[in-house]
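Before we start, here is the structure in question, set down as structure tokens.
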Amino acid sequence: MGPIGAEADENQTVEEMKVEQYGPQTTPRGELVPDPEPELIDSTKLIEVQVVLILAYCSIILLGVIGNSLVIHVVIKFKSMRTVTNFFIANLAVADLLVNTLCLPFTLTYTLMGEWKMGPVLCHLVPYAQGLAVQVSTITLTVIALDRHRCIVYHLESKISKRISFLIIGLAWGISALLASPLAIFREYSLIEIIPDFEIVACTEKWPGEEKSIYGTVYSLSSLLILYVLPLGIISFSYTRIWSKLKNHVSPGAANDHYHQRRQKTTKMLVCVVVVFAVSWLPLHAFQLAVDIDSQVLDLKEYKLIFTVFHIIAMCSTFANPLLYGWMNSNYRKAFLSAFRCEQRLDAIHSEVSVTFKAKKNLEVRKNSGPNDSFTEATNV
């Protein structure tokens, strides 16, 4: 019931697992049997569907690894990119990179094979790492929204220091590690007998108490509220107030108008990141909630395929974020180009910003120093 993982195999009935394992015409012993009813066939066992799933997962992995690695690289390499907001964005990229490397390959393997082939240790570690990475992403997006809200709406002159930002990032990982710990603790690596003399290996959740323990449902619902509903509420409130503030704010002077445009672009970029995350994860969260409320959802003919499709949609957020940074933010776009050209300084591609303009800008800023200074600086990424 964690945020990601192939739960379809863990909740199937014996009859469903039989159909998946042996296909339409043979038993484990190679005996011919009558064709099963069409509605019992699992679509994820069809070669055409498997090819599509492999292409989809591999594309997401490739785009996610390249994009998120590039975000991390430019923040580390270029000193001008080492701002508090960019540290949070880089932390988001680290979490997404972990999802690309720890979630997708194992989930795809589990989906295609129909049983757990990675051993007992990874049975406990993989779901934990998956939950940890997703929760860090959610908390980081919330932190970014609160940081922008603090600086822009309240005009606070005291900015968060880099040391404090690292402390916040550490807390995000610590809280996520604690919240994801049940995914590693309440796990069972076991053999399940499908028919006499035939068993498969399964990696399933094992909560204390009776077979259908309420603890699993409570954990799943709590995760939905704490790591999806509540963050989305906070993020939506923060960005609504930011949008209202930017809409009503008027900056004097040409230089401040330039910064006002940058503020708007930055806010749009961050809002798009949040919207992409929310929309991409909504189908999977809603589907898992439906399973918790009504277990008959597990009896759907295409439960496994539906789960896999929603999982793919959720994973698209891991490569969408770097695309948003590159497309909507000029700083990242220039940093990406500079990284591809193997340039050592980001300033080398700031050709449109002349020394004369910089001097003029500094002079205007000094003349217009006042309450708006903190407002201007706070919105630059």
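Quick reminder: no glycine exception, Cβ is built from N, Cα and C everywhere.
Sharing the record's features from Swiss-Prot:
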- Cys123-Cys203: disulfide bond (DISULFID)
- Asn11: N-linked glycosylation site (CARBOHYD)
- Cys342: S-palmitoyl cysteine (LIPID)
- 1-35: region 'Disordered' (REGION)
- 1-51: topological domain 'Extracellular' (TOPO_DOM)
- 73-86: topological domain 'Cytoplasmic' (TOPO_DOM)
- 108-124: topological domain 'Extracellular' (TOPO_DOM)
- 146-165: topological domain 'Cytoplasmic' (TOPO_DOM)
- 187-216: topological domain 'Extracellular' (TOPO_DOM)
- 238-268: topological domain 'Cytoplasmic' (TOPO_DOM)
- 290-304: topological domain 'Extracellular' (TOPO_DOM)
- 326-381: topological domain 'Cytoplasmic' (TOPO_DOM)
- 52-72: transmembrane segment (TRANSMEM)
- 87-107: transmembrane segment (TRANSMEM)
- 125-145: transmembrane segment (TRANSMEM)
- 166-186: transmembrane segment (TRANSMEM)
- 217-237: transmembrane segment (TRANSMEM)
- 269-289: transmembrane segment (TRANSMEM)
- 305-325: transmembrane segment (TRANSMEM)
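Just tell me what is around each of these and how deep it sits.
All protein chains included, Cys203 (disulfide bond) registers 26 other Cβ atoms within 10 Å of its own Cβ.
The Cβ of Cys342 (S-palmitoyl cysteine) has no same-chain neighbour under 8 Å that is 6 or more residues away in sequence.
Mean pLDDT of the predicted structure over the topological domain 'Cytoplasmic' (73-86): 88.
Mapped onto DSSP helix, strand and coil, the topological domain 'Cytoplasmic' (146-165) counts 13 helix, 0 strand, 7 coil.
Same-chain neighbours of the transmembrane segment (87-107): 4-6, 57, 60-61, 64-65, 67-69, 71-72, 75-76, 118, 122, 126, 129-130, 132-134, 136-137, 140-141, 143-144, 147, 162, 165-166, 168-169, 172, 273, 311, 315, 317-319, 321-322, 325, 381, counting only residues six or more beyond its ends whose CB sits under 8 Å from a CB of the stretch.
Proximity of distant same-chain residues to the transmembrane segment (125-145), defined by a Cβ-Cβ separation under 8 Å and at least 6 residues beyond the stretch ends, is recorded for 2-5, 85, 88-89, 91-92, 94-96, 98-99, 102-103, 106, 118, 168-169, 172-173, 175-177, 179-181, 183-184, 187, 203, 227-228, 231, 234-235, 238-239, 270, 273-274, 277, 317.
Through the fold, the transmembrane segment (166-186) approaches residues 2, 87-88, 91, 124-125, 127-128, 130-132, 135-136, 139-140, 143, 160, 205-208, 215-216, 219, 223, 226-227 of its own chain, all at least 6 residues removed from its boundaries and within a Cβ separation under 8 Å.
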As a quick check of your reading of DSSP, tell me how many residues in the topological domain 'Extracellular' (187-216) are helical, how many are strand and how many are coil.
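The breakdown for the topological domain 'Extracellular' (187-216) reads 3 helix, 17 strand, 10 coil.
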If you count every Cβ pair below 8 Å, which range out of 52-72, 217-237, 269-289 shares the most with the transmembrane segment (305-325)?
269-289
Counting across all protein chains shown, how many other Cβ atoms sit within 10 Å of the Cβ of Cys123 (disulfide bond)?
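There are 19 of them.
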Under DSSP, the topological domain 'Extracellular' (290-304) has how many residues in helix, strand and coil?
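Secondary-structure breakdown of the topological domain 'Extracellular' (290-304): 11 helix, 0 strand, 4 coil.
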For Cys123 (disulfide bond), just give me the three-state DSSP call.
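It is helical.
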